[in-house]
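Here is the structure we will look at.
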Amino acid sequence: METYTGIPEELKFAVLERIQPTEPEREKLFAIQEELASQVKIAAEKLGIPGVLVKMVGSAARGTWLSGTHDIDVFISFPEETSRKDLETLGMAIAREVARYAEHAEDRHAEHPYLNITYKGFDVDLVPCFRVASASQIKSAVDRTPFHNDFVKPRIKGHEDEVLLLKQFMRGGGVYGSELKTQGFSGYLTELLVIRYGSFKNTIYAACSWKPGEKIDIMQHGEIEHEEPLVVIDPTDPRRNVAAALSLDKFCTFIDHCREFLKNPELSFFFPAPILPLEDSEILEKLESRKSTQLAVVFKTPDVVEDVLFPQLYKMEQAVAALLKEYDFTVIKTGVWSGNTETAVMMELISGTLPNVKKHIGPPVWVKVHAEKFKEKYQAADGVFGGYIENGKYIFEILRKYPTARGLLEDRLMSCSLGKQVHQSVNEGFEIIENAGICRLKEYDFRIYLRKWI
């Protein structure tokens, strides 16, 4: 059984010194929140829209935000009887009125539209929602968020630093963020873990023993079964698993991060050293040492938000791997990367080239009808090198249709399940890059990704 060391208090203090918001930061945040709330009210009055209330939600409203992060969630709530059409039309009208004072504005879409703005250096989401009586009566997914605020705020009071430590620890391990690109832990989930276990330290110790199917049910709802690796029943809505976005790999990465940290608690688990981009010479050295085949399918990045793009990229990744395996290529690993202009689906194969000949195994000779049909088909076929019997079965050595992975992908990629926007982009044009050709991709973030890849 593994023996873990304690977590030095001085280490926690050192981390908190770097992540606790300063008093000037707090004052600025509160001032911006008040400004935004006032502007929403003024906009509603100006547009003649009654019954609108403003609620600040998220980590900024709960005191669990990390220094240097400037995210504010402003919920523009409408009476429950408001129609969805009016919610979207009137809510966005108010948001756009507020956005007149912003440096930048961008329409975004979850279950319904909302507006993301940059306001005095803060990243602000202006989100219309229905004002319902309880989270069990929500009319759209965002309606439950104000109830999260009401549940967490009184219970987390006095434990805000524990949440900050857990968030930064998850960041250091690459598992923080519930967006579909990351598939990690959300801010709300980290808060619930601290509420459940009482502290950062207790959460870390508990996670060391987690297994897939781990269930946390703070309010003892226990009504619905979920199949995700970690199940954290939403205290405000017993039908929902707060950890539904967490992938198995990120779940296990967090467990491993906790175990390694407790063996040797260090600042680097919170603040890992920056990863440097891979230089061309290093790429060539790694290719030479690995002796495998690196392939990248490169195409123009679709103009959609990441939460739409990345599920499609992961779908493409799986489909391409399945295609390669179908044609006898051995896939070591796959991955995806997306930048502002180009996107790459990465594959590493044991070899990108196979022999021209393929051993095709037929039925046993004694299965007369099937065996004779098999023999007749391949005896008369073109591209057959010869037939014989081995272990009681007919064997024909036939010409392989795709001896190279590049040729296979160039010919069959569009037959894969790619997702709507990715399919459109790939259909407009794609490039297969192999081995040293990867040096063509110069984007800084890609070279950082590549260092982790190979």
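A Cβ is built for glycine as well, from the same backbone N, Cα and C atoms used for every other residue.
Positions annotated as ATP binding site by Swiss-Prot, on the basis of sequence analysis: Ser59, Arg62, His148, Lys167, Tyr176. Under the DSSP three-state reduction, Ser59 (ATP binding site) is assigned to helix.
Sequence annotations record features per position, and here Swiss-Prot assigns CTP binding site to Ser59, Arg62, His148, Lys167, Tyr176 based on sequence analysis. Secondary structure at His148 (ATP binding site), as computed by DSSP, is helix. Packing around His148 (ATP binding site) is summarised by its Cβ count: 23 other Cβ atoms lie within 10 angstroms of its Cβ, all protein chains included.
Positions annotated as Mg(2+) binding site by Swiss-Prot, on the basis of sequence analysis: Asp71, Asp73, Asp125. Of all the Cβ atoms in the protein chains shown, 22 others lie within 10 Å of the Cβ of Asp73 (Mg(2+) binding site). Following the DSSP three-state reduction, the secondary structure of Asp73 (Mg(2+) binding site) is strand.
Residues listed for ATP, Ser59, Arg62, His148, Lys167, Tyr176, cover a largest CA to CA span of 19 Å.
Candidate binding-site residues: Ser59, Arg62, His148, Lys167, Tyr176. Nearest to Asp73 (Mg(2+) binding site) by Cα distance: Ser59. Cβ packing within 10 Å was compared across the binding-site residues Asp71, Asp125, and the lowest neighbour count falls to Asp71. Cβ packing within 10 Å was compared across the binding-site residues Arg62, Lys167, and the lowest neighbour count falls to Arg62.
Of all the binding-site residues in the list Ser59, His148, Lys167, Tyr176, the shortest Cα-Cα distance to Asp71 (Mg(2+) binding site) is found for Ser59.
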